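S.K.: Right, I'll just put the structure down here and ask away after.
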Amino acid sequence: MKTLFVLRISTVILVVLVIQKSYADILECDYFDTVDISAAQKLQNGSYLFEGLLVPAILTGEYDFRILPDDSKQKVASHIRGCVCKLKPCVRFCCPHDHIMDNGVCNDNMSEEELTELDPFLNVTLDDGSVSRRHFKNELIVQWDLPMPCDGMFYLDNREEQDQYTLFENGTFFRHFDRVTLSKREYCLQHLTFADGNATSIRIAPHNCLIVPSITGQTVVMITSLICMVLTIAVYLFVKKLQNLHGKCFICYMVCLFMGYLFLLFDLWQISISFCKPAGVLGYFFVMAAFLWLSVISLHLWNTFRGSSHKASRFFSEHRFLAYNTYAWGMSMVLTGITVLADNVVEDQDWNPRVGEEGHCWIYTQAWSAMLYFYGPMVFLIAFNITMFILTARRIIGVKKDIQNFAHRQERKQKLNSDKQTYTFFLRLFIIMGLSWSLEIGSYISQSNQTWANVFLVADYLNWSQGIIIFILFILKRSTLRLLQESIRGEGEEVDNSEEEISLENTRFDRNVLS
């Protein structure tokens, strides 16, 4: 019995020792405060002499793994590490101390000429708040064998006001422009070549991981918006009374908006990366088509109140929807064709739309070429819509006055009120859509200013919410819900295909306008 007890105790002790050896090699020491000291001199008492620093045995351990920045473990050859950063301040390098960084890649040993150009000093902020200028190799321990923080990195040039930073004695790093504090697993330093006029210099520069904004909020809003777009289209297809010319144009607009936002969502999730350029072209086509259909709606509203009794106008009225389709889809194809042609022919990057470049399956919106191919047409169409809505408002006021001089005033007044409601709802649509896209243009113009970029983030969320806003405006209003209930009960299935025109010579009463 005693033998069995001793055996169990021995087993427990062995397991504890194995676990401690594997998972707690150096007690109370962060892996990112250690360096590989396998090549250092080992003393009889188990201590190591590393770069003139005595590392006691209690601060050493044998590792057969390395910890990656995401806290996962990667199997490596067994080696000895020392918690030297507890004994002397460390500086976290991306590569060996005599290598130079070039486009995020570590290059081999620097030449003698490069070594003479190197500025080896760093400004280190001490615990008492004072700043000390220290030689990176003679006064600090260089940690160069830690895993790279990430694949994509950018460097900071502290000669620029927006690239200022503070390096602390304990290894933490403070980035000034967004006031973010980084640990040693999130940044690294390395020698980098800088242009100084006609000459070059080599200095130690911090490299940070590319800032990838969280897409959770955008994803939730865009998915909700897309669902609302589908519901809006479904209601307009289901309720026959909504399928007059206004309704048909509105359905086309919603389909274009849905497809454009779907490709934006694919780009956000990087689903379209395998067919990036075609996805960017299709997304551009549908967004431009959405703007053109919005201009069709504003033009049709103006034409509705303008009215005409000419034979040519009546002939056009019978084929108006076909004409609108030809204009909207045709102009979208023309704009897309010009963009694709420029993308393949224009060599100057300042004039090339650069579809599918810089990691985004869309037109490159960080350059001024976007104003020519994307925001320019957008500004023109917004200006056109504003003009049409102003002219329509003036016509409504004029018709309202003229009605007083004709017989059947009550019928004409009802017709005018119905069309006014249609105008009001589409005016709201344009104000919201036009405002959101106008803010988007403002965001594009001020993108180099971080403060204004944060302000215009509101515009982004407003843009992503367009489907939700349209659903509330057009579906959740009382008259549409009433028509939906009637359609579900099988009532009011007739569609009035007559044109919704206000003409002083020939006015027809139409109950089926969207109201």
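Cβ atoms here come from the backbone N, Cα and C positions, even for glycine.
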S.K.: Looking at Swiss-Prot, which of Cys83, Cys85, Cys106 bridges to Cys95 via a disulfide?
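M.R.: When Swiss-Prot is consulted, Cys95 turns out to be bridged to Cys106.
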S.K.: Is Gln366 placed by Swiss-Prot on the same side of the membrane that Ser272 is on?
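M.R.: The record shows them together on one side of the membrane, with a shared topological domain name.
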S.K.: Have a look at Asn170, Asn463 and find the one that Swiss-Prot tags as N-linked glycosylation site.
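M.R.: In Swiss-Prot, Asn170 carries the N-linked glycosylation site label; others show none in the record.
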S.K.: Under Swiss-Prot's annotation, the disulfide partner of Cys83 is which of Cys29, Cys90, Cys94?
M.R.: Cys29
S.K.: Pick from Cys85, Cys90, Cys94: the cysteine that Swiss-Prot pairs with Cys188 in a disulfide bond.
M.R.: Cys94
S.K.: Run through Asn45, Asn385 and tell me the one Swiss-Prot describes as N-linked glycosylation site.
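M.R.: Candidates were Asn45, Asn385; Swiss-Prot attaches N-linked glycosylation site to Asn45.
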S.K.: Would the transmembrane segment (455-475) and the transmembrane segment (279-299) count as touching if the test is at least 3 Cβ pairs under 8 Å, pairs 6 or more apart?
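M.R.: Judged by the Cβ rule, the two regions do not touch, with the required three close pairs absent.
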S.K.: Mind pulling out the one from 219-239, 279-299, 321-341, 371-391 with the most Cβ pairs under 8 angstroms to the transmembrane segment (249-269)?
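M.R.: Stretch with maximum Cβ contacts: 279-299.
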S.K.: List the Cα distance (Å, whole number) between Cys90 (disulfide bond) and Asn198 (N-linked glycosylation site).
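M.R.: The separation of the Cα atoms works out to 34 Å.
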S.K.: Go through the recorded positions Asn45, Cys83, Cys85, Cys94, Asn123, Asn170 and tell me which ones have a CA within 10 A of the CA of Cys209 (disulfide bond).
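M.R.: So the list reads none.
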S.K.: Could you check the disulfide-bonded residues Cys83, Cys85, Cys209 and say which one's CB has the fewest neighbouring CB atoms inside 10 Å?
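M.R.: Counting other Cβ atoms within 10 Å of each of the disulfide-bonded residues Cys83, Cys85, Cys209 gives the minimum at Cys209.
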S.K.: Can you name the far-off residues of the same chain, 6+ from the ends of the topological domain 'Extracellular' (342-370), with a Cβ under 8 Å from a Cβ of it?
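M.R.: Same-chain contacts beyond the ends: 263-264, 266-267, 272-273, 275-277, 279-281, 283-284, 444, 447.
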